[in-house]
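Colleague: My questions all concern the structure below.
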Amino acid sequence: MTRIDDTFRRLRAEGKKAFVAYIMAGDPDLETSLEVMKGLPGAGVDIIELGMPFTDPMADGPTIQTAGQRALEGGQTLARTLAMVREFRRGDASTPIVMMGYYNPIHARGVDRFLAEAQEAGIDGLIVVDLPPEEDAELCLPAQAAGLNFIRLATPTTDDRRLPKVLQNTSGFVYYVSITGITGAAAAQAVDVAPEVARLKAATDLPVIVGFGITSPEAARDIAGVADGCVVGSAIVKLVAEGRPVAEVLDRVAALAAGAHAA
């Protein structure tokens, strides 16, 4: 039973949906992003998605791409991202952390080394957007053997023939990408998302969390209402990009979390 499993079990008992927040590690700098990260649980965040900056983030829209560039220019590395998690864990042993990014930095570090470090740091799960199920032996299976959840993306174009393959070795939760395209590009609509979530729920017992295109507390409430929870990323990263004070960023996160929890 992982921290992710425990969190969903607790939320179900409370009759609440999950609010997942994404931030980019090291954006705009290590200190600020760590301060934001430490404040997320107090703002109502149930699960933290921590972006690993990468030079070629093909699935990310301009907001998150630019955040990754800022982080890399500020000296953020995979080692520093792991150090961020270790520091966070000194004050929080219960909030799940999912690292999200691309395979290249993990491969460069060495899968076995990375997984050992991730486990030691207190990482609970991975989302690696450019590793399809056909390559599960690369990272997915070793990650699960190391006790980490491996979370997969399902999209509007994941048809019923493809879906069993996507779900086969998925654990923790399923991340449903509500719109086709890059992050932050359009607004998700609950009326469109609901039947897709139902299709996923018919195929898996895992929680289904919806992300991409959620920018307001009202949207968080509406989308979480037809799923097991929602993810907000670009809307939070945009506040950091605008140089808003950490307290203001966290106030906005709290409003988004309250929206999801009102579903």
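For all residues, glycine too, the Cβ spot is worked out from N, Cα and C.
Sharing the features that Swiss-Prot gives for it:
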type     : residues : note
ACT_SITE : Glu49    : active site, proton acceptor
ACT_SITE : Asp60    : active site, proton acceptor
Colleague: For Glu49 (active site, proton acceptor), write down the residues of its own chain that are at least 6 apart in sequence and whose Cβ falls under 8 Å from its Cβ; none is a fine answer.
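Modeller: Result: Val20, Ala21, Tyr22, Ile23, Val98, Met99, Met100, Ile127, Val231, Gly233.
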Colleague: Tell me whether Asp60 (active site, proton acceptor) sits in a helix, a strand or coil according to DSSP.
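Modeller: Assignment for Asp60 (active site, proton acceptor) reads coil.
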